[in-house]
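> Sharing a structure here in structure tokens format.
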Amino acid sequence: MSVQVSPEQMATLKATLLNTPGNVPLHERFRALFMLKAVGGDEVVDIVSEGLKDPSPLLKHELAYVLGQLLNTRALPTLSRVLENPTGEHCSMVRHEAAEALGAIGAEESLPILRKYMQDENREVRETCEIAVGKIEFDLSEEGKKANANPDFPTIDPAPSAAPSDIPSLRADLLNTSLPLFQRYRAMFALRDFGAGSKEAVEALADGFRDGSALFRHEIAYIFGQLSSPYSIPSLLSRLRDAKEDDMVRHEAAEALGGIASDGVESENPEVVLPEDERLPEGGVLAVLREWAVKADAPTVVRESCQVAIDMWEYENSADQFNPLDSLSAKQEEREKTEKVNTTGMERSAHAAVAAMGIAA
């Protein structure tokens, strides 16, 4: 969607994202970010890049993601600096996202730096660079030039979906650790393409949570957020609750649960007892998110992700779908609840807020 905003509206979005007042809740900054993503253009790239000075790894990781999704080569120097991390200010989660964003933009000039950091000491960074190189090389190939993205999923994926196949074959490739990560990612996204209603595909993806790569596990959780399938809820709960799980996986699991915004479906076999970490407490998924949002001993990234996820949940279940930037909206009272699309809950809410502004071109 192409969006035109006035200078005053752009200034409001910028101030919200960059927390100029000093007291903007994190979830409002996230929504401003995705509203800016809908606007696009060089000025947005500059605003989002400025946000990378923020101390929150969670926000910086999301900023890097958006820079990649904007597909604007103006972001390449910024993303390269984040990956290089000369001052040591960016954690591996942020650097990984910068590498993935370079892959999303797909510029051939990014290949040297990505190949360099395929030797990085951090596994998530190494693996992301490997996948990003694979994506750019694929995009530049004859096969890649002829490939068409799945219109059902409005995102630039780290890897293109593999050729259509049956679920057991794709599951085998997904779990085959002897295959290159890029190939396994292609199987992952091909399984995603079966959609939220395919319990078999969701369960095949959930089997990937046993993989030894945190990067791999976090991508599955992200896909579950895209799909919003109730069948993924037990496995996502397990990842969020596991204190030994990597923070980046728990972060994606939390936000996926917030975007799904339901307690799932009743078991087809009531006699099957779920493992304790997959069971819902009284109050359901929202109670779990609220618990981890205030846990003093929870990692900051996990705690903040749950706070954002609670906002997603409340948005998805709100009759009027609250827009934190109400002052921008000329048609607030005319908004209608939109159907879920295959993207994250935060992006859905941001798109609705942009639509409410009545300025979509």
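Just so you know, glycine gets a Cβ as well, placed from its N, Cα and C.
Remember, predicted model here, so these are calculated numbers, not experimental data.
From Swiss-Prot, here are the annotated features:
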REPEAT    59-85  repeat 'HEAT-like PBS-type 1'
BINDING   His61, Glu62, His96, Glu97  Fe cation 1 binding site
REPEAT    183-211  repeat 'HEAT-like PBS-type 3'
REPEAT    216-242  repeat 'HEAT-like PBS-type 4'
BINDING   His218, Glu219, His251, Glu252  Fe cation 2 binding site
> Per 10 Å Cβ neighbour count, which of the binding-site residues Glu62, Glu219, Glu252 ranks highest?
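Buried the deepest by this measure is Glu219.
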> Return only the integer: C-alpha distance in Å from His61 (Fe cation 1 binding site) to His251 (Fe cation 2 binding site).
11
> Within the repeat 'HEAT-like PBS-type 3' (183-211), count helix residues (DSSP H, G, I), strand residues (E, B) and coil residues, in that order.
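Helix, strand and coil residues of the repeat 'HEAT-like PBS-type 3' (183-211) number 22 helix, 0 strand, 7 coil.
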> For the binding-site residues His96, His218, which Cβ has the most other Cβ atoms within 10 Å, all shown protein chains included?
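Answer returned by the neighbour count: His96.
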> May I ask for the distance between Glu62 (Fe cation 1 binding site) and Glu252 (Fe cation 2 binding site), taken between their Cα atoms and rounded to an integer number of Å?
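So the Cα of Glu252 (Fe cation 2 binding site) lies 11 Å away from that of Glu62 (Fe cation 1 binding site).
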> Have a look around His251 (Fe cation 2 binding site) and count the other CB atoms within 10 A of its CB, chains all included.
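30, counting other Cβ atoms within 10 Å of His251 (Fe cation 2 binding site).
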> When the repeat 'HEAT-like PBS-type 4' (216-242) is classified with DSSP, how many of its residues are helical, how many are strand and how many are coil?
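Split by secondary structure, the repeat 'HEAT-like PBS-type 4' (216-242) comes out as 24 helix, 0 strand, 3 coil.
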> How long is the line from the C-alpha of Glu252 (Fe cation 2 binding site) to the C-alpha of Glu97 (Fe cation 1 binding site), rounded to the nearest angstrom?
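Cα to Cα, Glu252 (Fe cation 2 binding site) and Glu97 (Fe cation 1 binding site) are separated by 13 Å.
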> Give me the count of other Cβ atoms within 10 A of the Cβ belonging to Glu97 (Fe cation 1 binding site).
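Summing over all protein chains shown, Glu97 (Fe cation 1 binding site) has 29 other Cβ atoms within 10 Å.
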> Other than His218, Glu219, His251, Glu252, which residues of the same chain sit close to Fe cation 2? List them in sequence order, counting a residue when its Cβ is within 8 Å of the Cβ centroid of the site.
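Other same-chain residues with Cβ inside the cutoff are Arg217, Ile220, Ala221, Tyr222, Met248, Val249, Ala253.
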> Taking just the CA atoms, what is the gap between Glu219 (Fe cation 2 binding site) and Glu97 (Fe cation 1 binding site) in Å?
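About 11 Å separate the Cα atoms of these two residues.
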> Quick one: which residues besides His61, Glu62, His96, Glu97 have a Cβ within 8 Å of the Fe cation 1 site's Cβ centroid, in sequence order?
Pro57, Lys60, Leu63, Ala64, Tyr65, Met93, Val94, Ala98, Glu100, Met248
> Just counting, how many other CB atoms are there within 10 A of the CB of His61 (Fe cation 1 binding site)?
23
> At the level of the C-alpha atoms, what whole-angstrom distance separates Glu97 (Fe cation 1 binding site) and His218 (Fe cation 2 binding site)?
12
> For Glu97 (Fe cation 1 binding site), which of the three DSSP-derived states applies: helix, strand, or coil?
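Looking at the DSSP assignment, Glu97 (Fe cation 1 binding site) belongs to a helix.
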